[in-house]
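Asker: In case it's useful when we look at the structure, here is the feature table from Swiss-Prot:
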type	residues	note
TRANSMEM	8-28	transmembrane segment
TRANSMEM	37-57	transmembrane segment
TRANSMEM	75-95	transmembrane segment
TRANSMEM	110-130	transmembrane segment
TRANSMEM	147-167	transmembrane segment
TRANSMEM	169-189	transmembrane segment
Amino acid sequence: MRYPFWRLAVFLAACVAPVWWLYQAWIFALGPDPGKVLVENFGLATLVMLLITLAMTPLQRLTGWPGWIVVRRQLGLWCFAYVVLHMTMYALFILGLDWGQLGVELVKRPYIIVGALAFLGLLALAVTSNRYSQRRLGSRWKKLHRLVYVILGLGLLHMFWIVRADLKEWALYAGIGAILLLLRVPMIARRIPRLGGAAKAGSIKVQNNG
């Protein structure tokens, strides 16, 4: 296994936020409505983790370091873990495990449907993130995993619908998402300079001038 310490560092870093939030809820440090705070925190964490996952390929192209790609699958699975926690908190604290209330919630808050579609997409990606699925699906595997772009759009729409009174934070995440998607356009991706290559070229130029 390549980069074991890097993988471990990413794993521990991804554990910090959920453990901290659950601990805060345990000691009643999340205010009068801890359930709502947990739902919001895990929802936002899912979006942030999705953006971080999508950033791995551009970072690899920019730096030439393969370690970014090595942890991409792990980050994607953490994204799924966060969304599972998000939905678990919603079921526990918002629905109170009253599934009959879900129909009422869907009518009152249709953005839940958008979030549920994003969850199903992440579920499909998580289930097929293994080598067996890659071999089994062949060329269809890449097509399926391009669903991540649709999931990002659904996640941003879900957030937009919730926070439309104050769009500053949403605009930040939407802007980052747009940049990450643009960096995957082949014509743009080919123009991404490698920092290592640029530094090496600069060094050679200095030596030649010297």
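Positions of Cβ are set from backbone N, Cα and C atoms, glycine also.
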Asker: Restricting to CB pairs under 8 Å, which listed stretch, 8-28, 37-57, 75-95, is in contact most with the transmembrane segment (169-189)?
Answerer: 37-57
Asker: To the transmembrane segment (8-28), which of 37-57, 75-95, 147-167 is linked by the most Cβ pairs under 8 Å?
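Answerer: Between the stretches 37-57, 75-95, 147-167, 37-57 has the largest tally.
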Asker: Same-chain Cβ contacts of the transmembrane segment (75-95) under 8 Å, 6 or more residues past its ends?
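Answerer: Hits for the transmembrane segment (75-95): 10, 14, 18, 34-36, 38-39, 42-43, 45-46, 49-50, 52-53, 56, 101-102, 105, 118-119, 122-123, 125-126, 129, 148.
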